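What follows is a set of notes on a single structure, which appears directly below.
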Amino acid sequence: MMAKLMITVMMVLLLSLQQGADGRSKRWRKNQMAASSIMRNLITARGVPPRFCRDKNCNEDSECNQWCTGGCSSVKGNCES
């Protein structure tokens with residue numbers, strides 16, 4: 001009787017540990033997906049300057065110049081694609 005009770009307690013303990021590990025892996029997977037989504041958005045948005053940079057001269061504004069992937073046109077002063 002005592003052995004049966006010990007086996008039952010150990011099985012419950014192992015199952016609860018397994019559920020805890022599954023919960024951590026799901027949370028880790030969600031965090032990884034969120035991080036990769038943010039990085040993907042940053043990478044794909046790199047070539048598109050923000051709205052406030054579209055009418056500015058990128059030679060004069062260093063913050064807008066960083067968004068120019070093709071460089072800044074010395075003649076027009078806008079981003080080259």
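Keep in mind that glycine also has a Cβ here, set from the backbone N, Cα and C atoms.
Taken straight from Swiss-Prot:
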DISULFID  C53-C68  disulfide bond
DISULFID  C58-C72  disulfide bond
DISULFID  C64-C79  disulfide bond
MOD_RES   P49  4-hydroxyproline
MOD_RES   P50  4-hydroxyproline
MOD_RES   E60  4-carboxyglutamate
MOD_RES   E63  4-carboxyglutamate
MOD_RES   E80  4-carboxyglutamate
SIGNAL    1-23  signal peptide
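DSSP assigns C58 (disulfide bond) to coil, not to a helix or a strand. Reduced to three states, the DSSP call for C72 (disulfide bond) is strand. Around the Cβ of C72 (disulfide bond), the number of neighbouring Cβ atoms within 10 Å comes to 18. The two recorded residues, E60 (4-carboxyglutamate) and C72 (disulfide bond), show a Cα separation of 10 Å.
Among the listed recorded positions, namely C58, E60, the Cβ with the most fellow Cβ atoms inside 10 Å is that of C58.
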